[in-house]
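Only one structure is covered here, and it is reproduced in the block below.
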Amino acid sequence: MLTKFETKSARVKGLSFHPKRPWILTSLHNGVIQLWDYRMCTLIDKFDEHDGPVRGIDFHKQQPLFVSGGDDYKIKVWNYKLRRCLFTLLGHLDYIRTTFFHHEYPWILSASDDQTIRVWNWQSRTCVCVLTGHNHYVMCAQFHPSEDLVVSASLDQTVRVWDISGLRKKNLSPGAVESDVRGITGVDLFGTTDAVVKHVLEGHDRGVNWAAFHPTMPLIVSGADDRQVKIWRMNESKAWEVDTCRGHYNNVSCAVFHPRQELILSNSEDKSIRVWDMSKRTGVQTFRRDHDRFWVLAAHPNLNLFAAGHDGGMIVFKLERERPAYAVHGNMLHYVKDRFLRQLDFNSSKDVAVMQLRSGSKFPVFSMSYNPAENAVLLCTRASNLENSTYDLYTIPKDADTQNPDAPEGKRSSGLTAVWVARNRFAVLDRMHSLLIKNLKNEITKKVQVPNCDEIFYAGTGNLLLRDAESITLFDVQQKRTLASVKISKVKYVIWSADMSHVALLAKHAIVICNRKLEALCNIHENIRVKSGAWDESGVFIYTTSNHIKYAVTTGDYGIIRTLDLPIYVTRVKGNNVYCLDRECRPRVLTIDPTEFKFKLALINRKYDEVLHMVRNAKLVGQSIIAYLQKKGYPEVALHFVKDEKTRFSLALECGNIEIALEAAKALDDKNCWEKLGEVALLQGNHQIVEMCYQRTKNFDKLSFLYLITGNLEKLRKMMKIAEIRKDMSGHYQNALYLGDVSERVRILKNCGQKSLAYLTAATHGLDEEAESLKETFDPEKETIPDIDPNAKLLQPPAPIMPLDTNWPLLTVSKGFFEGSIASKGKGGALAADIDIDTVGTEGWGEDAELQLDEDGFVEATEGLGDDALGKGQEEGGGWDVEEDLELPPELDIPPGAAGGAEDGFFVPPTKGTSPTQIWCNNSQLPVDHILAGSFETAMRLLHDQVGVTQFGPYKQLFLQTYARGRTTYQALPCLPSMYGYPNRNWKDAGLKNGVPAVGLKLNDLIQRLQLCYQLTTVGKFEEAVEKFRSILLSVPLLVVDNKQEIAEAQQLITICREYIVGLSMETERKKLPKETLEQQKRICEMAAYFTHSNLQPVHMILVLRTALNLFFKLKNFRTAAAFARRLLELGPKPEVAQQTRKILSACEKNPTDAYQLNYDMHNPFDICAASYRPIYRGKPVEKCPLSGACYSPEFKGQICKVTTVTEIGKDVIGLRISPLQFR
């Protein structure tokens, strides 16, 4: 059972699917009716007018109506569009159990506890017939889907079939209108001839709760309190019991026929739903709930959906998956339909059956994997119990008869999933979740240990994607190692792009798009289920949800392309066509409009010519496109779309387009717009527009200041006059101050009653007459004449030397692609004649309109033009002012003959060649060659890509020492700087362009340094030894070697350094640990034991084993100590050491037990985690350092390696490159 939707509510007593929309009505025990959208999983509406439980509910097949019946004895007819009850039908005298519309006539059928069944005309709103005969509650009554029959079930233990053909004839006869007018007078409580009992079905031992007709066959199913489901057959004369389905252990609430298969569904108060096979009369499936009794079942009239109501709500479910199994390769689609494997050619649309499949499985094919090389398919089938899942291996016949295809012999085996991993190998995930590799004979060739997973997917030749609960892992089957992983829970489908460069991981409600290395490029969350997907040729992922076709671009943009009525499964996308399969496995082609995602893709890829073409020709409209362009930083493109002036204004300001902003501001004429435009124009130095903005907003103070700084004194005087007219004393005085007009300032101060200030201003500035006249106005008794400052200095605004008439000069920047197109559209369009070239006639132009072309399609340059037209000799014409004599200074006179040509007068320097260091970089991909050339940046990049170096601090000294060896210096001439020589290691055949630098560091040097490290280890100077080992390890990537043997020796040198660094670092750490508690002592012993598994020299291994032996003997772990003693004796130590060891061994063998359990298993191979110093046993996930190969637990991935101190743990790299041989 596949649950599609589930609700939690009061007890559900009635259910009804809408025939066309994804809606379901639920009637609840608390009197509420709910309308749900089961595809979107949302509650659309609630209807609450009944008093008490509502048991009957039904949608009308054509009208926007539904009917309900409740325990308040009322039948209500509702209009869900108007969201209200239209009317109520009254007549029943007890609870109403079911209500159903007739499929054709305007009738409603109701069953009630008043022991009657009534037929109502919902158009005339009257009862047209009462069916009496049952002598207990009538629990259910339903119309026959095509005949004039009614079936009813009652607690009187009978099922009755009623013939209502008389009612139909009466209501469709000419006198039917009169009978409606008479009302219900022709009906009495004891029934009439309108409806007669045709059959009474007796066989149940207790009350019958439900009865229903088969959609097409003369069958009836019933469920009763005797816990049985009975099947009845009927004909014109009689009805009889066919069979009984036993299995429920409580009252059967409801039973229905499957609309399209030979199945019966029933549910019961025993908290189960059961599926029965009609032909075998046996139970096929059982679905149980823990606490909820089931009360009602409903089947969708058109889709394979069912709904069941229970104590805590309801569920919408399917019995089996409807997703078709298919595989696409090139232009071919292979898919399974009706037990046939079919092949569809996308190009020719030829659809043929190529093979008949082996029967035997009752479950549909779950998935398919196609092998084009061998023309073979793997078909996986999932059982409800996963352990019973199987797969079939078929080879498709080459010359199959498409009319009557054969059923070739297939090879069937158990397994959850099978996918191809090579031309003649496939991988099987078995029921134990281990991976088997099989050949075409279905024989196991090898078993592969993989991390814990529950599903596998194809990931290219030799690779698989492994799914666990939280992530997807890319696994190399050949090398048996994990390459990458990405976090996404419960991936259902994996879709690779055609070139395998991108992959889409589809979960139930999420999509993650990754690159080949499984690095997540974008995450998309959907509220509705994701169904399928395919990659477009342009690299856009087209996917479907339950009700949409959508697109996703790898940058994270996604959107809706079109809506869907029913779910589809995309198989291929090409151009405007989406090829898909529907749930009936029918191939379909849907047309989509790709403009929106192609527009966004063109923007992302900076294909601006395509963008502009779409802007001008495509119908891209809507606020979302404008918002998208603004968000992505393309306001100038958004300007193309916008007609609304307010939006145009804000976009124009955003992209700094003052001209368009000015047009929009004039159209809007809003104060805020003018203010904003003024601010932006001021930033651009466009003072002419700033002036207009200040004038429009009447911002006189700013306008005056603008005139002052631009030196426009004429307009500043006008501003002074305006201020005087406006009686703005402050503004008037300020403008006078800007102009340096002293007499005007005196007049202003005098007019506003500031006599003292007016006098001081006049006297200080030498306006004596004015000062005297003001002095006379002072009253000596009441007013004092202010004193004049003898040291006063004249403050006068500087006179403008060059008034600024033009706008501030702006740098000439190249206009953006779109700004240029806007400008050309505006200016060029105004100058160009608005003529359609196709409408120009040829008569008036005559033959001159036709160009005479030569064979190559070029115009003969001189044809049709005489000498007069071209000018004889083709010298410069008089239109060019090139012949005017210029007066040049005499010192520029050039002696005759000096201008005789480049070879006589001027030295042309030779072109600069490529430097030797650049040649080195060009010729080599070895890091050391780039360091010797001084190109540290490229050397770092090579080290990063080859061995994963991310911290270059420790390399600084090595880089500088190596660079110093890359050149020689010599003195050429006295008093001149030294010159450099660049020695080549391939000097015999280097030539000018093939040189590579001589290298100072040799492999033998490092091997000699290794001996010193061994000596330091022997004398116990561990920390110093670790530093020396690390120095050798970091030097290895800077080697250059000539043959494969030396490459192997260098790699062996890395292994030696790693083993010693990990072991000695662990030993140093062990010695620092405290020894107070038992747990601390156990940890010390564990670390000593791990050290014995390092690959060291025998002399050092003896010392390590002696240490471990002593520690374990003291801890009384005699069994492990004995093992160490035996290993020590095998190495042949000194006689005194051997004697001591044998004594300890004999003591241990007397009591060969371990006193304490340690995290150490000597028999299980393991690697030591170089960070935590704990074992990583074989088969556990492990991350490695790309340079040293040191092992780490997965939690350390992405951190810096403790061994090298420079590399990133778990980084995916090319590998160590120290020889030109490795690049061939």
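Please read every residue number as a count from 1 along the shown chain.
Glycine too: its Cβ is placed from the backbone N, Cα and C atoms.
According to Swiss-Prot, the feature repeat 'WD 1' maps to 7-37. Residues annotated as repeat 'WD 2' in Swiss-Prot: 49-79. Under the heading repeat 'WD 3', Swiss-Prot lists 91-121. The annotation repeat 'WD 4' is assigned in Swiss-Prot to 133-163. Residues or ranges marked as phosphoserine in Swiss-Prot (evidence: similarity to another entry): Ser173, Ser1193. Marked as phosphothreonine by Swiss-Prot on the basis of similarity to another entry: Thr185, Thr591. The repeat 'WD 5' feature in Swiss-Prot is assigned to 203-233. Sequence annotations record features per position, and here Swiss-Prot assigns repeat 'WD 6' to 247-277. Sequence annotations record features per position, and here Swiss-Prot assigns omega-N-methylarginine to Arg965.
Overlay of Swiss-Prot feature records on the structure.
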{"residue": "Thr591", "record": "phosphothreonine", "DSSP (3 states)": "strand"}
{"residue": "Arg965", "record": "omega-N-methylarginine", "DSSP (3 states)": "coil"}
{"residue": "Ser1193", "record": "phosphoserine", "DSSP (3 states)": "coil"}
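Calculated from their C-alpha atoms, the gap between the residue listed as 'omega-N-methylarginine' and Ser1193 (phosphoserine) amounts to 40 Å. Of all Cβ atoms in the protein chains displayed, 16 besides its own lie within 10 Å of the Cβ of Arg965 (omega-N-methylarginine). Put plainly, the modified residues Thr591, Ser1193 were compared by Cβ crowding within 10 Å, and the winner is Ser1193. Residues of the repeat 'WD 5' (203-233) grouped by DSSP class, helix first, strand second and coil last, total 0 helix, 18 strand, 13 coil.
Restricting the average to the repeat 'WD 3' (91-121) gives a pLDDT of 95. Helix, strand and coil content of the repeat 'WD 2' (49-79), in residues and according to DSSP, is 0 helix, 17 strand, 14 coil. The separation of Ser1193 (phosphoserine) from Thr591 (phosphothreonine), Cα to Cα, is 51 Å.
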